[in-house]
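Accompanying notes for the structure given below.
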Amino acid sequence: MSQYDLISTGFYGNTTPEELVQKYGSPLYVYNEAVLRERCKEMRNLVSCPNFKVQYSAKANSNKELLKIIRSEGLHTDAMSPGEIFIMLQSGYHPEEIFFVANNASEEEMQYVIDAGILVSVDSLSQLQMYGRLNPGGRVAVRINAGAGVGHHEKVITAGKKTKFGVNADLIPEIKQIAEQYKLRIVGLNQHLGSLFMEPDGYIAGAQALLSVAEQFENLEFVDFGGGFGIPYRKHSGEQRLDLEALGSELSAIVQDWTAQYGQDIAFHTEPGRYIVAESSVLLGKVNAIKHNGTTKFVGTDVGFNVLARPVMYDSWHDLEFYRNGSRLDGYQLELATITGNICESGDIIAKDREVPIIEEGDICGILDTGAYGFAMSSNYNNRLRPAEVLIRTDGSPELIRRRDTLEDLLRNYE
Ligand code: LLP
């Protein structure tokens, strides 16, 4: 087991996992403001060109307080639903700082976004037509599918022939024809190849492919290369970080050359979600019951897949830490155990046959790197209450930034 652990990195500030659970209940999403700000800064400095903009992809986590911090770090944001836009506006984002990347938007949704004065990216020829009908003469962006995707799982690859996203690059004449029909100005091209890459190559190749599509458009204001930047989910085993510096300098060189050739001022954007928020959170839970079925030790926690869906949905790995009496259980004695949640399905497993310390009932478990697609994908399945979210401020003190659901919340939508 590696030396890396959250207590020694100061993640919990001036408190401990036990104190947090005692005060705010369990399960509990705990965020660290300093880590979040650090990731924003890294991304902001990715590309050295004057018009580089990072648009945080808020689908990864749209907690209002976190959005405020991310905005204060100078990041703009991309939204994919009116609900996300609503939360962003409530968090202080201005319409011109939001980019709506639509997928199969309804007319009502499109109208809402246009009325809010937010720039839209359309995802198909028919959506371009819909946009033209609703906002003739408007400015619009087009999401291009330049052919190849990347990602940690089939379900999160978002470019290439097998996916539903983007307009194929060979439909440029049709895009231009619709734009002309409705007097639209195509001001930007965007793409998103998929989620979680750890090597720069695929992203760089994707950027080059998008730039060669962009050459075929005049008067673009921006080209947006998308998100997908991975984080090391296996830190305990020494997994290396994505080499962001190498990626950034390669991308900087490419965009500088390309701009010179394009011959006019143009901005470049990225849309990271996971990279900004994933490592800023640990999800705490409680070990409620331990049992042995056959040869398997089952460690039963209160973290069901309604709270964290990633392991069940994508077989995703999250490093685990267990705490007792204010410190992390050390790893001298290890055994295999299967860590489960409390949902009524046998697939409700956080980690199968994982090598862990000798865990006892009452221990606290910490599930690492859960800031992205953690709370954002939580639900009330089994009528369980979605957890509270707490932020460790830069001075080390904890602050509740979203309360736990109450039983009354379960009744909220009935007459
Ligand atoms: N831009 C667009 C258009 C996207 O669809 C996404 C993510 C992003 C940016 C941000 O991607 P990121 O930088 O976070 O990889 N629930 C899955 C990931 C789904 C990603 C969906 N789209 C997971 O937990 O792995």
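Cβ coordinates come from backbone N, Cα and C, glycine included.
Because TrEMBL annotations are produced automatically, they should be read as predictions rather than curated entries.
Note that the coordinates shown come from a computational prediction; the quantities given were computed from them, not determined experimentally.
Annotation source TrEMBL lists active site, proton donor at Cys344. DSSP assigns Cys344 (active site, proton donor) to coil in the three-state reduction, outside any helix or strand.
Around Pro272 (pyridoxal 5'-phosphate binding site), taking its Cβ as the centre, 25 other Cβ atoms fall within 10 Å, counting all chains. TrEMBL lists Gly228, Glu271, Pro272, Gly273, Arg274, Tyr373 with the feature pyridoxal 5'-phosphate binding site.
Residues or ranges marked as substrate binding site in TrEMBL: Arg274, Arg310, Tyr314, Glu345, Tyr373. For Tyr373 (pyridoxal 5'-phosphate binding site), the same-chain residues that are 6 or more apart in sequence and have a Cβ closer than 8 Å to its Cβ are Lys59, Ala60, Asn61, Gly273, Arg274, Ala278, Ala309, Arg310.
Annotated domain 'Orn/DAP/Arg decarboxylase 2 N-terminal' per TrEMBL: 36-278, in sequence order.
According to TrEMBL, the feature N6-(pyridoxal phosphate)lysine maps to Lys59. Within 10 Å of the Cβ of Lys59 (N6-(pyridoxal phosphate)lysine) there are 20 other Cβ atoms, across all protein chains. Following the DSSP three-state reduction, the secondary structure of Lys59 (N6-(pyridoxal phosphate)lysine) is coil.
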Euclidean distance between Cα atoms of Glu345 (substrate binding site) and Gly228 (pyridoxal 5'-phosphate binding site), Å: 31
Euclidean distance between Cα atoms of Tyr314 (substrate binding site) and Glu271 (pyridoxal 5'-phosphate binding site), Å: 22
Cα distance (Å, whole number) from Pro272 (pyridoxal 5'-phosphate binding site) to Glu345 (substrate binding site): 33
Max pairwise CA distance, angstrom, over record-listed pyridoxal 5'-phosphate binders Gly228, Glu271, Pro272, Gly273, Arg274, Tyr373: 15
